[in-house]
Amino acid sequence: MMKGLKKWRLFSLLAVLTVFLAGCGQEELSTLLPAGQVGRDQFNLLILSSVIMLVVIIVVVTIYVIALVRFRRSKLGEDFIPEQVEGSHKLELVWTVLPILLILLLAVPTVYYTYKLGDVAAMGEVDEDGNPENLIVDVTAKLYWWEFEYPDLGIVTAQELVVPMDEKVYFNLIAADVKHSFWIPAVGGKLDTNVDNVNKFYLVFDKDSNDIKNGDGVFYGKCAELCGPSHALMDFKVKTMPRPEFDQWVTSMQATGEKQIVANEQGEEVFNQSCIACHAVSAVGGSNEKQGPNLATFGDRNRVAGFMDHDKESLIDWIKDTQKHKPGNKMPSFGEQLSDQELDVLAEYLMGLSVEQ
Amino acid sequence: MDLNKKFTPETWPEHPEKATLEAKNKFVGFWLFLGGETILFATLFATYIALKNSGPSGFGFSTQELYELPLVFVMTMLLLTSSLTSVFAMYHLRNYNFKKMQLWLAITALLGLAFLMLEVYEFSHYVGLGFTFNNSAFSSAFYTLVGTHGFHVAVGLVWITLLLIRNAKRGLNLYNATKYYTFSLYWHFIDVVWVFIFTVVYLMGVIG
Amino acid sequence: MSSVAQKKSFGATLWDWLTTVDHKKIGILYFLGGGFFFVIGGIEAMLIRWQLHKPDNDFVSAGLYNDLITMHGTTMIFLAAMPLLFGFMNAIVPLQIGARDVAFPFLNSLGFWMFFFGGLFLNISWFIGEVPDAGWTSYASLSLASQGHGIDFYAIGLQIAGGGTLMAGINFLVTIINMRAPGMTYMRMPLFTWTTFVASAMILFAFPPLTIGLFLLTFDRMFGGNFFNHEMGGNTIIWEHIFWIFGHPEVYILILPAFGIFSEIFSIFSRKRLFGYPSMVFATVLIGFLGFMVWAHHMFTVGLGPTANAIFAVATMAIAVPTGVKIFNWLLTIWGGSITVTTPMLYALGFIPSFVMGGVTGVMQGAAPLDYQLHDSYFIVAHFHYVIVGGVVLAILAATHLYWPKMFGTMLNEALGKVTFWFFFIGFHMTFLIQHWLGFWGMPRRVWKFMPNQGWDMANLISTIGAFFMAIGVIVLVYNVIITSIKNVKVANDPWGDGRTLEWAIESPPLYYNFAQTPLVRGLDSVWIEKMEGNASGLTPAEPVKDIHMPNGSIIPLLMSLGLFIAGFGAMFRTETEWGLGVLIFGLVFTFIAMAARSLQDDTGYYIKKEEILRDLKRKGGQN
């Protein structure tokens, strides 16, 4: 019976393995389930190159297996001396020319897509009234969080990028401290945020992030360049929505300069004493105005600190001991400065900061 | 190999620097080493070209205003002449004329020393103006490129001085002929690098 | 066993090894040094995999994790793979070309000791507790921001070790150019010699940029330079260029000798001449050349612009052509041969599919727009482990079994060898195949931990289990080495029976002067030719027995390296301690004095008398 059980376990393990090997990963962060034109172009190139490479592998393995089966010394006899063939110009020509053709097959679309994806000429275009035609987002990568400024809209946010669907969104990328890399696997990747210069590229978002199956309403973004101890935790999230919804979101963002929801007045007081030096709760402004992330949309977000569950306990946990959760980040731990009661009301207040309600 | 074997100008081989297998090895090896050195300097040149004139905001130095072209021209002449004198020395090496070879090499070393002292003067002059190694990417790249060359000159000077003193009483043999010869190769190499520095750093810096 | 071998005291033996300039002994030293660092790098790898075996693991801290990945990469590339290959090059290449030693025996020793002290310097960081933590690439903005002395250890340690590598490269070049036996033309050289030659040429041109890059980093970190400090006008991208101008050729420096080793193995164990030898040589040279033209494919996402990316993408793909030629030539070598699956052959057979996998994923990443997705994801981790483990490490393990008798005079156990292979091979594919998918699924590389619910848990667990298989394989190999060394059953000249090149026609291990008489080479696979024509010894001498010129041993290489090692600490602690500057100067002066001592003394070697050689010949029954 034990034996049977073991067999069954092995079988299920193999089944899981197969599913995984054939699997496409999770919609919110898999490059195999592209949710935009850029990612789809890259995915097409992946399929094309995989097919070509599969052909190569099959040819090699076939010759290899046949040779291995046919020409064994155990079959040929211990004393068999094979003919010492020097080579064959014909064959060698074949396996020089064929790979060149295969490479050309891959090189042409490669060059085409390289120019297509690198085309940011339309970035600064304006219509007759002088309004910019395309949405531009300035991304500043910092240890270990992301700042997103919408320069033409006069608003700024952090950790959660909000973008409209079905249009090209252009990005200006830079890092404030050390080099990072901006990557939204499901939508298309990726471009480094250098410290020395601004990098530009565009992405297109096709899919509403609320429609992600089994997801939490966001696409996942990653930092893809080693940037220090908490590189692994330098995540951000992306919310996509139809243009009208986005416009609405922008309007309420622009309004945070004047009025705000205050879920807990005591919490606001604590905030004004301990947090306001580094964090803004008004989304009106630009990059690098405050040292820490803008919190105007904090209640709408999906994660605390980019990767922790979005609830009050996690938030309190985070504020108490930031270094434990994200070693090397720039926010001090407040476990000793703030009492439990203060933390509680502060968390209440922060969770109430919202533009979507 | 017998160090005490005596030669006359007649029995002395035409290419004493590669008359034995060991010598041939050194000869080829040294050429290869210079190949590596070329890449080394090429990397420094590339870095310099990328960083020249770039500094923190408000940085006050530019290649046009900084460089002392007349001084550098004198240095160039000194080093070029020293390359020529080392050629004379090699001529006498071929002809087994030890004394004249030593003499020309000593002149080479003196010219090299003069070059080096002028370079030290040049650097201290720039530092006096406030253009220090630490004050910009440009200054770091400049001092590193030109300084690496200067360091090579210094190494060459120590090398030839030791060779001259060590062999002063012994005369030429097939063992030290290779050493003299590789030194002269090295010295020419340094000279060529300087020609590039003079052109790329100084001339193009002031004019271009 | 040998009439000349006498019982020596431990001290005398140690002194002998510390001062040796014999290429065979230096080969063994490289092998031992490289093996030691291979085990250390392996332990680091196991800790990395254990940290990632489940989500949100707290086995190691974030800082320590970055130390581990940095040291794993640096150690494996610079201190394990290269020295191990150098070990085989030293032990075998002079024999393959019929030489009695390398061109510069003294420099050979210096190269080894610089590698060793450089590696030691790097690893001492573990004891100081300030370990390099910016990845083996140490990209400038992060490496400048890194606290403590970690990156200083990286910069100075690699500087010392890199100097040693450069010397080794020049040495092999001159050896192969000048020291070939009569008749050994370039187009008769065994392929391992050819690949060593091309790899050495690549070292000559690739390491100077690394030297400069490390100097600039050192200046920036320790002497107030501003090369990479963008606030002072510097530019971090310069580091990336310099690093990859070195770094890309570096991987070819590793893989070409591996190709050479496999070429020997396919030929020996198929009893067949290498198919298309001239095109194999040409492909090797072409790969070496193209290796310098493609560095920016590591920087597709840096933002160099579409034109640069397109050019480098196409250039990268072009490398697939000569590599493909090699693969097919190997296949046609075993085709029509008489294949016997010994342990080395098993590795060679395992290499073909593994390396093809690594090669094709390389071409995929050469397609720049696709690389935007794959770059710095787990896909790239899978790719470079497929080429480096599936190519280089398999070659090293294969060569360990193949050349063990030639280096140590005894065979490794074949059964255990095959056990090692299967554990290692299965473990390797289990560890790295799944990582391609982790990359597709959005997992970035160099992550200290990952959160659950991203679909990565199972794949990471599988990968970790595979790593343990590989570890078991290595442990079995170590056990194999130990028991066979204890048994120490002596073997004949050609224990594999089908040796084709000169090293298989002399004793195992060879006498210290290698060849009693320099052999005459009459074609490719000269020993095979001789044997087929009925000359059982496999050698035709090119000269009568005569006195042999040999170099003297010297302790100076060790002392010079030691001086640099000491100076390294001085440079590092120069500003914060009173003794720093003094130690820096002391170390440099120490090295200089050792060097001057070498230069001023006339060390022209010594001669082995004809009588002694005749005595050895007689003992061996008149054969070489």
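Cβ from N, Cα, C; glycine included.
The feature domain 'Cytochrome oxidase subunit I profile' is assigned by TrEMBL to C:9-522. Mean model confidence for the domain 'Cytochrome oxidase subunit I profile' (C:9-522) is a pLDDT of 95.
Residues annotated as transmembrane segment in TrEMBL: C:28-48 (among others). Within the chain, the transmembrane segment (C:28-48) has long-range Cβ neighbours (under 8 A, six or more residues past its boundaries) at 17, 20, 59-60, 65, 68-69, 71-72, 75-76, 79-88, 90-91, 112, 115-116, 119, 123, 407-408, 467-468, 471, 474.
Taken from TrEMBL, the feature transmembrane segment applies to C:68-93 (among others). Under 8 Å from some Cβ of the transmembrane segment (C:68-93) lie the Cβ atoms of residues 23-24, 26-31, 33-35, 37-38, 40-41, 44-45, 47-48, 51, 60, 102, 108, 111-112, 115, 118-119, 122-123, 125-126, 131-136, 138, 150, 154, 158, 161-162, 165, 168, 172, 175-176, 192-193, 196, 199, 250, 253-254, 257-258, 261, 388, 392-393, 395-396, 399, 403, 406-407, 446, 503, all in the same chain and six or more residues away from its ends.
Here TrEMBL flags C:153-179 (among others) as transmembrane segment.
Distant neighbours of the transmembrane segment (C:191-217): 85, 88-89, 92-93, 96-97, 138, 140, 143, 151, 155-156, 158-159, 162-163, 165-166, 168-173, 176, 225, 227-228, 238-239, 242-243, 245-246, 249-250, 252-254, 256-261, 263-264, 274, 277, 280-281, 284-285, 287-288, 291-292; these residues of the same chain sit at least 6 beyond its ends, with a Cβ under 8 Å from one of its Cβ atoms. What TrEMBL lists as transmembrane segment is C:191-217 (among others).
Taken from TrEMBL, the feature transmembrane segment applies to C:237-262 (among others).
Annotation source TrEMBL lists transmembrane segment at C:274-296 (among others).
Summarising the annotation, TrEMBL assigns transmembrane segment to C:308-332 (among others). Within the chain, the transmembrane segment (C:308-332) has long-range Cβ neighbours (under 8 A, six or more residues past its boundaries) at 259, 262-263, 266, 274-276, 279-280, 282-284, 286-287, 290-291, 293-297, 300, 352, 355-356, 359, 362-363, 366-368, 371.
Under the heading transmembrane segment, TrEMBL lists C:344-364 (among others). Same-chain residues lying 6+ beyond the ends of the transmembrane segment (C:344-364) with a Cβ under 8 Å from its Cβ atoms: 262, 265-266, 268-269, 316-317, 319-320, 323, 327, 330-331, 370, 374, 379, 382-387, 389-391, 394-395, 397-399, 401-402, 417-418, 421, 425, 428-429, 433, 436.
According to TrEMBL, the transmembrane segment annotation covers C:416-438 (among others).
Summarising the annotation, TrEMBL assigns transmembrane segment to C:458-482 (among others).
As annotated by TrEMBL, transmembrane segment applies to C:555-573 (among others). Packing against the transmembrane segment (C:555-573) from elsewhere in the chain are residues 15, 18-19, 106, 109-110, 112-114, 116-118, 120-121, 149, 152-153, 156-157, 159-160, 163-164, 218, 222, 579-592, 594-595, 597-598: each is 6 or more residues past its ends and has a CB under 8 Å from a CB in it.
Residues 106, 554, 556, 559-560, 562-573 of the same chain sit 6 or more residues outside the transmembrane segment (C:579-600) yet have a Cβ under 8 Å from a Cβ within it. What TrEMBL records for C:579-600 (among others) is transmembrane segment.
Between the transmembrane segment (C:458-482) and the stretches C:153-179, C:237-262, C:274-296, C:416-438, it is C:416-438 that has the most C-beta pairs under 8 angstroms. Note on the transmembrane segment (C:416-438): residues 49, 343, 346-347, 350, 354, 357, 361, 377-379, 381-383, 385-386, 389-390, 394, 397, 401, 456, 459-460, 462-474, 476-477, 479-480, 483 of its chain, located 6 or more positions outside it, place their CB under 8 angstroms from a CB of the stretch. Sequence-distant contacts of the transmembrane segment (C:237-262) (same chain, six or more residues past either end, CB-CB distance under 8 Å): 77, 81-82, 85, 88-89, 137-140, 143, 190-196, 198-199, 202-203, 205-207, 209-210, 212-213, 216-217, 227-228, 284, 287-288, 291-292, 294-299, 302, 326, 330, 348, 351, 384, 387-388, 391-392, 394-396, 398-399, 402.
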